[in-house]
Amino acid sequence: ACPSGWYGVDCTSNTAVCNAQDSHKLCGDHGTCVATGTTRGYTCICDQGWKSNGDDPACKIDVNECEARHPPCSMQPYVPCINVPGDFYCGSCPAGYTGNGHYCADIDECSTDNGGCSIVPKVQCINTMGSRVCGSCPPGYQGDGVTCVFIGTCRINNGGCHPLAICIDNPGFNNLLVECRCPTGYHGSGIGPQGCQPGTEVDQGPCASHPCIHGHCIPHDLSFICRCDPGYTGITCATPINPCSPNPCKNDGICMLTADQQVSCECTAAYSGPRCETPKETCGGVIRDVAGTLTYPPNGVTYGHGLSCAYILATNTSLVLNVTFTQFDLESTPGCRHDFLQIHDGGNAGSHQIGRFCGKNLPMNGNIISTHNSIYLWFHTDSSISRTGFSLHWNSIPPVCGGHLH
């Protein structure tokens, strides 16, 4: 504070007259003086990003926006806030997110090129917050889901051959075909649990060389006829009938053959059923309405495992949301590390986080009023315990101006 009779930024002015000429001397580079009826005779209106020290009205103190109770940069995910004189700026959103640093939204990596997960063979890509996870390689393949290398049908249940038989991958027909050979002292086709029998087979003329690779040989004059096993055709039963062509699996399901050559469909995350024909319950989405109800799961059973989905509730731009929870039951863990519902005041994951909730207590005692026209809900579950989920309804109200801050 200046001594009695002196005023201004450096206490060098002996007048407190507020006018355009003296405003800079009294308030500095970052303020404008305004005449008042107080003893001092003036006060300073500071530019955004500056303030006075409380004793002297001059605008000399930089406001550190980064130390605000609600930091201006994204906290989920974390983005660094950098304070500069009179201003601040936010760093970049981390990998897997897009935005301006104030707000960061998750990038759906799976929407482009299957998220980098294997396409041939097709491996399921699962989008997560800030990243993605590749599913397992299908049977007969080995890898991390990004790359799947064909290791051969013989690695799986000995390729369907007799346990004592030698299984040979790709004997010259295609990658899914195997040849089964019984060991010395056994005879037979080598296929299946009865494919190798003890002893030496009696000479059967044209059938002695076992010409029917996947079938039973029947002598016919000086030649033979092959009675093929189910799933094979051709003169020597060497050509597999491929049940997967055309693909019987619906909705981008992957067709695979079991050890007994039965069709099995591996469905994407959105479908289920023997042929991937049944849509699963949808988790997540954008709901634009002034009022409504959201219940998950909607069928009254427990929610599934491995979920990571986001809901956005949005009303008119001139209104805010009044959300009331009527039921809440999620697996309870310290810090809600496993199953949780994370709520943000705004339209994306970079908006202010209201909280992360689990257990049976209603979030925020059952009622949340937003400060924006939208709310972002992230529902996440792990691979173990599941509960009955949550239910809420909302309506739209005008924003409240003023009141007490807590």
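Cβ coordinates come from backbone N, Cα and C, glycine included.
A disulfide bond in TrEMBL ties Cys237 to one cysteine from Cys228, Cys249, and that cysteine is Cys228. Out of Cys255, Cys276, the record in TrEMBL bonds Cys267 through a disulfide to Cys276.
Note: TrEMBL links Cys217 through a disulfide bond to Cys207 (candidates: Cys196, Cys207). All protein chains shown were included, and the count of other CB atoms within 10 Å of the CB of Cys237 (disulfide bond) stands at 21. Distance from the CA of Cys217 (disulfide bond) to the CA of Cys276 (disulfide bond) is 39 Å.
Using DSSP to sort the residues of the domain 'CUB' (283-397) gives these counts of helix, strand and coil: 7 helix, 59 strand, 49 coil. Counting residues per DSSP class in helix, strand and coil order gives 0 helix, 11 strand, 27 coil for the domain 'EGF-like' (240-277).
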